[in-house]
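Novice: So Swiss-Prot lists the following for this protein:
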ACT_SITE  D314  active site, proton acceptor
BINDING   K23, G97, R125, Q172, R345, R387, K412  phosphoenolpyruvate binding site
BINDING   K23, S24, R28, S170, S171, Q172, S198, D314, N337, K341  3-phosphoshikimate binding site
Amino acid sequence: MLESLTLQPIALVNGTVNLPGSKSVSNRALLLAALAEGTTQLNNVLDSDDIRHMLNALQALGVDFRLSADRTCCEVDGLGGKLVAEQPLSLFLGNAGTAMRPLAAVLCLGNSDIVLTGEPRMKERPIGHLVDALRQGGAQIDYLEQENYPPLRLRGGFRGGELTVDGRVSSQFLTALLMTAPLAEQDTTIRIMGDLVSKPYIDITLHLMKAFGIDVGHENYQIFHIKGGQTYRSPGTYLVEGDASSASYFLAAAAIKGGTVRVTGIGKKSVQGDTKFADVLEKMGAKVTWGDDYIECSRGELQGIDMDMNHIPDAAMTIATTALFATGPTTIRNIYNWRVKETDRLTAMATELRKVGAEVEEGEDYIRVVPPLQLTAADIGTYDDHRMAMCFSLVALSDTPVTILDPKCTAKTFPDYFEQFARLSQLA
């Protein structure tokens, strides 16, 4: 039996949430700190499953680090160059794409013999486009089970050079190549085929590389130029900003049933594209205020929206459940990459929205949601996907309870999400 959590109807949400650190920023920063010259003090690191998988891998690769008792501060002694394994090594990375993709690239520098594997779902998440690009740069990589999917066996050999990578499936493939290229022997030019999805996530990568002393030139996100033979240098300390995708649930809750909710740790200077989620809520009718270190949202009369959300794929899921409380239909477009995330999020979202009474049209790369007059109480399947669990908590902002199956799946990015959500909520 799966555990479940029933949320009773909520009359009002109000208060402040200090956001946990960003998953995307935490795992990039940990890896760059490990590769850098010098010791880096990382503050506000996320403590979650995906981060633990990265830390376990770095430890197995001989990286020394010290974690604070609450695991949110990490002091990393950089190796000042590539990560190597003296003996053949197997690394288990769970379902952490932010660990699997960058490590698959970085560990192709040098000539170690390393296997990367993970949970069954990780073996269904495509990695072929990244492997193709790494092979163009000389990497020796074997698929151990299914072609184009993990587990992978890496035997080094990556030297840089002229690479092309498909940009349409995941921006993490490009992130992995960008973080690896400065340490390669040769200069690297990366050309993007097709439209690059989730561009703002590339901005996070470039921002972090710059913080660790490396500048990357690019031509409109289509061609990237990286000098080889460089070394990352520790910035000394680095503050991980709050997780903007995690902020989306609290901001949406305020838009639906505020009161006013303030999330801290992100703001108008944030490097994460998912902060643009607040602009979408504003377009729908919520009231939004931005500070340097906070975003605040208050209730408004919400209207349905029709919008391309390729730039905020994770936070866009929150719009799909917010749509239940808007007047008129909502269409979220250009989100094909929902299909290759923790689960096939398009099908999962459509299935569960129908359970609570919505009329849903699921396209190849879009979803259209027509809200019901009255929401239906339902048991929500979460598909081992943290974001499904968090998105559907918003159903309780109606006069109907909702039951979330396997609520602990939020441990991937936000272990105490439901406690934080309850803290803001006044029950009907």
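Using N, Cα and C of the backbone, Cβ positions are placed for all residues, glycine too.
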Novice: In sequence order, which residues at least six apart in the same chain have a CB under 8 Å from the CB of Q172 (phosphoenolpyruvate binding site)?
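Specialist: In sequence order, G97, T98, R101, P102, L130, Y201 meet the Cβ cut-off.
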Novice: Taking the Cβ of R387 (phosphoenolpyruvate binding site) as reference, which residues of that chain separated by at least 6 in sequence fall under 8 Å from it?
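Specialist: The answer is S245, D314, M317, T318, K341, E342, R345.
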Novice: Is it possible to get the count of other C-beta atoms within 10 angstroms of the C-beta of R345 (phosphoenolpyruvate binding site)?
Specialist: 25
Novice: What is the one among the binding-site residues K23, K412 whose Cβ has the most other Cβ atoms less than or equal to 10 Å away?
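Specialist: Neighbour-count leader: K23.
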Novice: How far apart, in Å, are the two Cα atoms that lie farthest from each other among K23, G97, R125, Q172, R345, R387, K412, the residues recorded as binding phosphoenolpyruvate?
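Specialist: Spelled out: the longest distance between any two Cα atoms in K23, G97, R125, Q172, R345, R387, K412 is 19 Å.
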Novice: Radius 10 Å, atoms counted are CB only; among the binding-site residues S171, S198, N337, which position scores highest?
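Specialist: Buried the deepest by this measure is S171.
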Novice: Are there any residues in the same chain, six or more apart in sequence, whose C-beta is under 8 angstroms from the C-beta of R125 (phosphoenolpyruvate binding site), and if so which?
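Specialist: R125 (phosphoenolpyruvate binding site) has long-range Cβ partners N95, G97, M100, Y149, P150, V340, K341.
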